[in-house]
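Colleague: Pasting in a structure now, in structure tokens, and then I'll have a few things to ask.
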Amino acid sequence: MSAIRTKLHHQLQTVTARIPVLNSTAATRGGVQPWNSRLRELANKSLFSEALSVYLQMLRSGASPNAFTFPFALKSSAVLSLPITGEQLHCQAIRTGCLLEPFVQTSLISMYCKCNFVDVARQVFDENPLSRKLTVCYNALIAGYALNLRTKDTVSLFCEMREFGVEINGVTLLGLVPVCGVAGNFGLGMCVHGCCLKFGLNLDFSVGNSLLSMYLRCGEIKTARKLFDELPGKGLITWNAMINGHAQNGLANDVLELYREMEASGIQPDPVTLVGVLSSCANLGAQEVGKEVERRIHACGFLANPFLNNALINMYSRCGNLVKSRQIFDRMPVKTVVSWTAIIGGYGMHGQGEVAVDLFDDMIRAGTIPDRAAFVSVLSACSHAGLTDKGLHYLDTMEQKFHLSPGAEHYSCVVDLLGRAGRLDEAHGLIRTMKAKPDGAVWGALLGACKIHRNVELAELAFERVVELEPTNIGYYVLLSNIYTDAGDSEGILRIRVMMRERKLKKDPGCSYVEFKGRVHLFVSGDRSHPQSKQIYEFLDELECKLKELDQNRAEEQLRGLSGMGVHSEKLAVAFGLLNTKEGAEIVVMKNLRICGDCHLFMKLVSKILPRREFIVRDPTRFHHFRNGVCSCKDYW
């Protein structure tokens with residue numbers, strides 16, 4: 001890009017001096033028209049460097065640019081971020097007398113805004129007395145202010161536009177929408193929506209889609225749904241906005257429902273749609289739906305799309321099917337750093353840290369430069385597998401070899417790595433000396449390590465820091481309460497309960513998902529709402545008897561919660577899976593909270609008495625594969 005920039009600047013500067021001083025009507029229209037057509041064609045095909053080269057050829061040929069030439073050249077300069085080239089074009093527009101032409105004026109304003117010279121764009125606007133009479137000039141500057149998140153200037157200019165009686169159209173309101181999606185500006189978004197209604201633009205296709213995206217970015221799901229239902233003739237863009245907006249808000253179940261609605265309405269998905277659906281399948285563990293999407297990818301000829309392949313790798317990994325995930329990765333002809341990161345993260349989540357490390361080293365040998373996300377994946381993999389020395393090596397390599405400054409997300413992985421290995425003092429020392437500011441995740445990693453190694457004193461220090469940063473994160477209160485429980489400190493438990501009550505915090509209920517025949521079945525702790533609840537609890541009673549026969553010497557409390565109101569959600573999910581699948585089929589359970597020691601023991605024992613079954617449990621951080629009484633985590637979680 002720098003070579004193109006230097007060459008174009010030099011050539012334009014040389015040629016500009018030879019342009020005669022003309023007005024726009026003096027330009028030879030017949031001579032410039034073929035050049036304008038070519039410029040339009042190249043710009044429309046996004047061949048912007050080529051467009052500027054053609055512009056130079058036009059100047060050398062002796063043809064003089066006119067008002068229809070500059071918009072394409074200025075657009076090319078804006079997209080390529082060539083502000084100096086844009087300035088030279090500005091000079092040429094003055095010399096040829098085209099500056100006051102509305103299309104040239106708006107193109108100049110847009111170019112300067114896109115190159116982050118917003119104040120220069122305002123100067124161009126102010127210097128032309130016609131600007132305050134033209135909707136297109138206002139629209140260009142409003143969109144430029146919004147693009148640069150100059151909210152106050154955006155609103156002020158819109159108010160000025162209304163005050164002067166300049167016509168407002170859909171493009172005006174589209175320019176306002178970007179600043180409405182910024183945190184704290186939701187009220188402004190409501191006002192913009194009101195203006196749309198007032199000016200009769202609420203049913204405009206582009207305006208409606210922009211408002212829909214704005215509400216979804218602000219997390220206003222119900223309002224977005226109401227607007228969506230009111231929009232006539234919903235096209236692919238509208239459906240994509242809804243599907244991806246719900247996916248970004250973590251509403252995976254709603255995404256799958258929307259996808260079904262979209263299919264029923266006859267709208268064909270594109271790669272953008274399918275990436276959003278696959279993301280939700282990954283979050284829910286809805287592998288069967290993900291397989292349907294993969295079949296659709298094949299049928300639509302999207303198999304070579306790298307974004308979809310990366311999404312498939314992530315989906316199968318997070319649904320517990322690492323074999324399929326690896327097959328997709330291996331068949332990709334071109335593997336980007338995102339592809340490598342997805343497969344490394346998949347192996348890390350499944351506790352196969354050695355494989356993840358080998359893949360990371362393979363990536364570097366293949367010439368792919370790791371980015372910050374890739375290092376998070378490999379450091380996390382080292383943490384889950386207990387590869388302490390390897391993880392510390394990668395932290396050093398990140399900075400020394402690849403010149404990437406570790407962020408809080410990298411340090412939290414290493415603190416977790418050291419903490420799990422029992423090196424609590426080193427973990428605490430790393431937090432004190434780390435270059436990035438410690439966030440809640442960093443101190444939370446230390447708190448979690450204190451739970452494993454029952455270090456109450458350091459846990460209290462970590463808790464004090466973490467609640468300063470994340471005072472409403474209920475997980476940290478529960479974690480310290482469990483540490484006090486293990487230590488037999490009833491006063492500590494009481495203090496935490498009082499603190500939670502004063503801050504009006506409630507523990508999130510444990511819930512687990514199981515997918516069966518393309519439908520996700522949800523269970524919560526003590527759940528009796530499922531249609532098969534009676535059979536599930538009866539089956540758990542039978543399991544309890546068999547487990548007691550397996551090991552009579554186990555303390556009764558180690559098998560607590562198998563029946564009654566307190567039974568944990570993953571046990572209900574496993575019982576449901578056993579009741580509804582054939583012998584030999586694996587059972588995959590997705591859980592929203594970290595698996596507890598009681599349930600971990602339960603899964604190991606059940607897998608021992610049912611040796612032809614594999615039980616896979618995914619909690620928020622990793623997978624546990626239970627087979628023949630053994631867990632893949634080797635009790636290191």
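Cβ coordinates come from backbone N, Cα and C, glycine included.
The repeat 'PPR' feature in TrEMBL is assigned to 31-65, 134-168, 235-269, 336-370. According to TrEMBL, the feature domain 'DYW' maps to 566-637.
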Colleague: Summarise the repeat 'PPR' (134-168) as counts of helix, strand and coil residues per DSSP.
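Modeller: Final tally across the stretch: 26 helix, 0 strand, 9 coil.
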Colleague: Count the residues of the repeat 'PPR' (235-269) that DSSP assigns to helix (H, G, I), to strand (E, B) and to coil, and report the three numbers in that order.
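Modeller: Final tally across the stretch: 26 helix, 0 strand, 9 coil.
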Colleague: Determine how many residues of the repeat 'PPR' (31-65) DSSP places in helix, in strand and in coil.
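Modeller: DSSP composition of the repeat 'PPR' (31-65): 27 helix, 0 strand, 8 coil.
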Colleague: What are the DSSP helix/strand/coil residue counts across the domain 'DYW' (566-637)?
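Modeller: With helix first, then strand, then coil, the domain 'DYW' (566-637) has 25 helix, 16 strand, 31 coil.
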Colleague: Just give the helix, strand and coil counts over the repeat 'PPR' (336-370), going by DSSP.
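Modeller: Counting residues by DSSP class gives 26 helix, 0 strand, 9 coil.
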Colleague: Give the mean pLDDT for the domain 'DYW' (566-637) on the 0 to 100 scale.
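Modeller: Averaged over the domain 'DYW' (566-637), the predicted model reaches a pLDDT of 89.
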